[in-house]
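Q: Sharing the feature lines straight out of Swiss-Prot:
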ACT_SITE  236  active site, proton donor
BINDING   48-53, 74-75, 111-112, 140-141, 245, 274-276  NAD(+) binding site
BINDING   226  substrate binding site
SITE      75  site 'Plays an important role in discriminating NADH against NADPH'
């Protein structure tokens, strides 16, 4: 079929398998250009491995350190009539490239919040990966979670706490600056958001892996977070999602105390703002990203997901000098350090106040934001012929759960 982008709100409803594959190949090339190191992770489990930071970290571990990787995700394959999700094509492209490079790659498609998934992962670690993993990456961003004990569905919300929040935002369909009003979360919504996006599931994973004795000595685990800046704090860090991320921090401290007994440790890694399917859904964030990208590009500080993942593994968790990573007062690895530089944020605040419909494309990197967003789904690549016939049914070595 011939596939062109179709967008609805902050979602692109079509995906391009060839474009997605090329996106993955581009990230692999970026990691390979930094050279392969041997003093790093050997056997890696990535929970949430099909897009964004999870995919980038899987690429960095495999192609930057030669690691065996097991990836868990929840994606839809394409059919004769309909393309699959971008994550399906990303995972397929990773698997193909890893196997071509002689690397061990295993993938499981299913609900990462379920006990069945944990059992399957443990079974594969024992039967195929030598019985242990030494790095567990937790990178789930989900709007809902089915509680493994009760089967109840909890949903996360992107809402402030206490009072409604009014902010500048972009209507990405009309390319217009709008005033977005977001009503505050209820107590139940806050609790449910913590249940979905907090540290509970990460801890269940580490508990299960510990009890099954599949964590190697010196195992590290990392979960991803975002703090952002004053511009986004009301909706994010000071909102329902911020409560979930605070729960993630508390979980990290508990897990770290336990893993230190094995000579390992746990950290939350705070990452920079990037264009992902998750960030596109957060009011005010696309406009802020369009501004901060312009500022960081002008200062030579810009990074995408793969550059962040490479820096996380090479300069934080697995430093060449063998020293422990620098952490903040909450024991977090900060990879938003360049974004939060005073000079960067001061410029962002000035532009935030000045931006209008008339100067949106001049003052910000909004044109590239739109391009980067469509690129997530395999579009806007100069090396892909989008009028060519393409097969949406892509198969690969994946266990369906």
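Quick reminder: no glycine exception, Cβ is built from N, Cα and C everywhere.
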Q: If you count Cβ atoms within 10 Å of the Cβ of residue 236 (active site, proton donor), leaving out that atom itself, what do you get?
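A: 24, counting other Cβ atoms within 10 Å of residue 236 (active site, proton donor).
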Q: According to DSSP, collapsed to three classes, what secondary structure does residue 74 (NAD(+) binding site) have?
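A: Once the DSSP labels are grouped into three classes, residue 74 (NAD(+) binding site) ends up as coil.
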Q: Among all the protein chains here, how many other CB atoms are within 10 A of the CB of residue 245 (NAD(+) binding site)?
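A: By my count, 24.
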Q: Non-local Cβ contacts of residue 111 (NAD(+) binding site) (under 8 Å, 6 or more apart, same chain)?
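A: In sequence order, 74, 117, 146, 401 meet the Cβ cut-off.
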Q: Drop a 10 Å sphere on every Cβ of the binding-site residues 74, 226 and tell me which sphere holds the fewest other Cβ atoms.
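A: Least crowded of the binding-site residues 74, 226, by Cβ count within 10 Å, is 74.
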Q: Of all the binding-site residues given, 140, 275, which has the fewest Cβ neighbours within 10 Å once its own Cβ is left out?
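A: With the binding-site residues 140, 275, fewest surrounding Cβ atoms within 10 Å: 140.
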Q: Cα within 10 Å of residue 75 (site 'Plays an important role in discriminating NADH against NADPH') is the criterion; apply it to the recorded positions 50, 52, 140, 226, 236, 245 and give the hits in sequence order.
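A: Near residue 75 (site 'Plays an important role in discriminating NADH against NADPH') by Cα: 50.
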Q: Around residue 50 (NAD(+) binding site), which residues of its chain at least 6 apart sit with Cβ under 8 Å of its Cβ?
A: 71, 73, 75, 85, 87, 88, 90, 91
Q: Where residue 236 (active site, proton donor) and residue 52 (NAD(+) binding site) are concerned, what is their Cα separation in Å, rounded?
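A: About 19 Å separates the two Cα atoms.
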Q: Give me the count of other Cβ atoms within 10 A of the Cβ belonging to residue 48 (NAD(+) binding site).
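A: By my count, 25.
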Q: Could you find out if DSSP has residue 111 (NAD(+) binding site) as helix, strand or coil?
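A: SS state of residue 111 (NAD(+) binding site) = coil.
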Q: Does DSSP put residue 236 (active site, proton donor) in a helix, in a strand, or in coil?
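A: Going by the DSSP assignment, residue 236 (active site, proton donor) belongs to neither helix nor strand, so it counts as coil.
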